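*Asks:* Have a look at this one before I ask anything.
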């Protein structure tokens with residue numbers, strides 16, 4: 001029993017019989033629902049159609065009107081007045097129910113349509129995003145200079161390759177995909193074991209790898225390839241190899257060219273260092289030879305003007321009067337003057353001999369200095385990079401020995417601030433070349449016009465954090481800020497007679513031993529300092545003792561005695 005708004009529909013036998021006896025309302029309802037379904041389907045297919053929306057809004061009104069007309073037609077049948085009123089009421093109620101039912105259907109379909117539209121918009125957005133990402137990925141792949149690859153982790157054959165594989169190293173895409181043997185046969189035999197080891201390690205340790213190897217090109221020559229790869233799990237959890245293969249032959253050629261150029265610069269630096277030492281040697285030897293020449297001329301002049309020749313005359317007089325020697329000395333005028341003359345000549349010859357002895361010692365010193373300078377040039381003129389135990393104070397003294405005469409000629413004061421430091425392992429020859437260059441530059445700076453105080457300070461600093469430092473500071477003409485930035489540039493010089501190689505090559509030599517050469521100046525007229533920093537690798541005790549022996553030091557004036565050895 002169904003009750004609606006106080007009316008009992010099922011108890012109204014006339015209404016029930018009317019519904020049963022009259023199929024028109026049911027047919028009308030079914031046709032209306034069928035039409036609504038067709039309209040709804042059309043709306044789903046064409047949701048943007050305004051006409052369909054209008055039909056959906058008019059459909060409930062259409063069904064309600066049709067139902068009312070149909071039930072009104074029932075009133076024309078011979079029914080008594082008592083049954084007509086309930087029947088009309090029930091017809092109205094049915095029309096309202098139909099309208100509510102249609103409205104509910106419209107709401108449901110509208111919700112479904114909105115969701116369908118949202119899904120369609122979402123799918124369209126996702127499709128557009130995927131198309132954009134696919135286009136971007138295609139551009140990215142095409143922009144890569146190498147070949148993207150995917151390889152089987154066990155067979156090592158390629159599963160897929162990017163389009164760049166076509167023509168790569170002269171091979172076609174099909175040749176690259178032909179199998180593992182194609183790849184292995186063309187890897188250089190010396191590089192194949194390392195390549196296979198890198199592949200296997202990437203699987204066991206699941207990490208990225210990068211390896212360079214030689215690969216035979218189509219024309220038979222070898223190219224240097226660089227392969228970067230990593231093992232990644234696929235959708236099923238199985239590992240697969242992915243990476244990129246690039247031709248780096250041009251980069252290697254450029255690196256080889258740079259290495260050759262660097263070696264040439266280093267060799268030029270060695271030659272420049274040897275030339276600097278040779279220049280100092282020639283200058284020092286020239287000064288010594290000049291001193292020896294002057295001393296030899298003085299000896300000749302002294303011997304030529306010596307009073308020793310007059311002793312022969314005195315000897316002849318004594319020989320002639322040997323029988324009457326006493327009478328000759330007492331009675332003869334010559335005899336009476338002869339003793340005083342002999343005493344005077346003896347004293348003069350003693351002083352003359354003393355001067356000749358002092359000059360001879362000086363000449364010996366000059367000759368020994370020449371021998372030391374030549375020995376230093378022979379030992380350190382070689383561009384050997386063999387490390388040996390080096391006492392830094394001794395190294396400074398040897399550098400000064402090669403510049404000693406020049407420094408004295410220019411009246412340059414040398415100050416030594418040497419920290420007590422054990423010998424270190426260094427390529428001594430290279431370090432000597434660098435220090436000779438720095439001292440030579442300092443000497444030129446303090447000898448420049450306008451410099452009053454000619455002072456060079458050499459400092460050995462205690463190692464800080466494993467780094468030792470040698471400093472050559474001068475009171476010379478200084479360096480401007482602009483020139484300070486270019487001081488180590490190849491070919492840069494401020495001297496008319498300079499070639500701009502010295503400091504540049506010195507910096508290269510310092511780099512060879514893992515050190516650094518730096519310069520500082522407060523500006524023109526304020527002097528400059530050059531600091532050489534290098535790793536302080538102390539020498540073993542057995543080598544350190546031998547390195548402490550001072551050789552080739554800068555010669556100092558000798559103090560001569562006035563006595564002549566007999």
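Note that Cβ sites are derived from N, Cα and C of the backbone, with glycine treated the same way.
Please treat TrEMBL annotations as automatic predictions, because they have not gone through curation.
Features from TrEMBL:
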TRANSMEM  26-44  transmembrane segment
TRANSMEM  56-75  transmembrane segment
TRANSMEM  87-113  transmembrane segment
DOMAIN    133-206  domain 'PAS'
DOMAIN    209-260  domain 'PAC'
DOMAIN    280-538  domain 'Histidine kinase'
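For the listed features, I'd like the structural context: burial, neighbours, distances.
*Replies:* For the domain 'PAS' (133-206), DSSP puts the residue distribution at 41 helix, 10 strand, 23 coil.
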*Asks:* Quick check on the domain 'PAC' (209-260): DSSP residue counts for helix, strand, coil, in that order please.
*Replies:* 12 helix, 29 strand, 11 coil
*Asks:* For the domain 'PAS' (133-206), what's the mean pLDDT in this predicted model?
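*Replies:* Looking only at the domain 'PAS' (133-206), pLDDT averages out to 80.
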